[in-house]
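Structure, as C-alpha cells:
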C-alpha cells in the first residue's frame, strides 16, 4: 500500500474513533439525566397505582412511567442544551489547543442538538400519545385480555391519531403556502412532515413561554418572600403573636361550642381559618427566632438579585428591539457570531438569564389558573397527570432555545433543525413578540412592587388590624 492509502486509512480511523467517543459521551450524559428524572418521578408517582392487585395495570403503569422518564430526560436535555453550548464554545475559544478538552468539539455540540431535536419529535408525536392511550386502553372486545391486547389497541389508536394529525398538517400547510412545490414536499414524511409539525408545536411552546414567563417573574418575588424571613419594619412581632393566639382560641371555642352563638356557623370555614392562623403563627415564630443577619441581609439581597435579573432581562430585550429596527441581521434566523460580545463574563450572564427565565416560566405555568390543577403532588400524582406534566415540560423546554434566541438573550446560533422554522424570519412576528414580552414583564414588575410596598406599609402601620364589618351579621337598614 502506498503512503496516500495509509493516510486515508488513518483519517478514517480517526473519524471512527471520534464518532465512537461522541456516542459514548452522549450516552453517558443521557443516562445521567435519565437516572435523575427517574428518581424525581418516583417521588411524585402514586404508589397505589403500582402495587395494585391486578398485575396487568401495574405493568402498564410501569411501562408508561419509563416512557415519561425518557420524555422528562429529553426535556431536561433541551433545557441544558443552549447553556452547555454557550459554555463549551467559550471554553474552546479560550483554550483552543488544550489536549484535555479536545473531546469538546463542534461535532459533539451539533450531534447533541440533532439528538435533542430527534428525541423531542419522537416523544411528542409517538411516545407520549402511546403512553396515554396505553394507560387508558382495555383491549378490543372479544380479544384475549393482557398487556399484548392493550398494545394492539394502543397501536391502532396511535395510527388513527397520526393520520388525523398529518392530515391537519397537510391542510394547514396548503392554506399557508398554497403552491405545488410545498404540496409535493408534503409527501416526504421525514424531511417535511415532522419538522413542520415540530415547528407548529415549538411556536405554541414559544407563545406559552410568552404568557407564563412574565407571570412567573412576578410570582418569583412573592415565593421568595414566603421562603425567606422578612426584616422588621415598624412592627411588633410579640403583639402579632398574641393577637394570633387570641383569634385562634376564639375560633376554637366557637368550634367546640357551636350552640353558644345564635347565628348559623360554617364549620368548614372555621376550620380553614384555624389552619390559616396556625400557619401564620408558625411563620411569626420563625421570624422571631431568625438571626439579625438572616433577617436584615438575606431577604434584601435575594430581592435585589431577583430585581437585578428581571431588569437585566428587560434591558436585554429592549436593546434587541432597537437592533431589530436598525439591523436586519439581528433576526433569529440570521447568521450571528456564536460568541458573547462581553467574553466569558457575558457568556455567564447569558446562561444565568436563560436558567432564570426557564425557572420563572415553569413557576408561571403552574401558577396560571388554566394549568394549576396539573401541578404534581408528592406521592399523590396520577399516571395521566404525570404524562400531562411531561408533555407540557417538554413543550416548554424544547421551545427555550428558540425563545432565548428570539428575545436576543444570546447570539448563539440555533443549530440543527431548530433554526429552520419559517416564522423566525418574519420581522413583524419577532418584533411584536419582543415588544409584548418587554411590556408584560415591566407591567408585572411594577404591579408586584407597588402591591408589595403597599401591603408592607399597611402591615407596618397596623392598618391591617383595624376593625372591619363582619359579613356574617346582617347590615342595619337606613331606618334603624
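All positions are counted from 1 along the displayed chain.
Cβ from N, Cα, C; glycine included.
In TrEMBL, the annotation transmembrane segment applies to 342-366, one of the ranges 267-291, 342-366. Counted over residue pairs separated by six or more positions, the transmembrane segment (297-322) shares at least 3 Cβ pairs under 8 angstroms with the transmembrane segment (423-446), which defines the two as touching. Ranked by the number of CB pairs under 8 Å to the transmembrane segment (107-134), the listed stretches 196-218, 386-403, 423-446 are led by 386-403.
Where the transmembrane segment (386-403) meets the stretches 24-42, 63-87, 196-218, 423-446, the count of C-beta pairs under 8 angstroms peaks at 63-87.
Of the Cβ pairs linking the transmembrane segment (63-87) with the transmembrane segment (196-218) and spaced 6 or more residues apart, fewer than 3 are under 8 Å, so the two regions do not touch.
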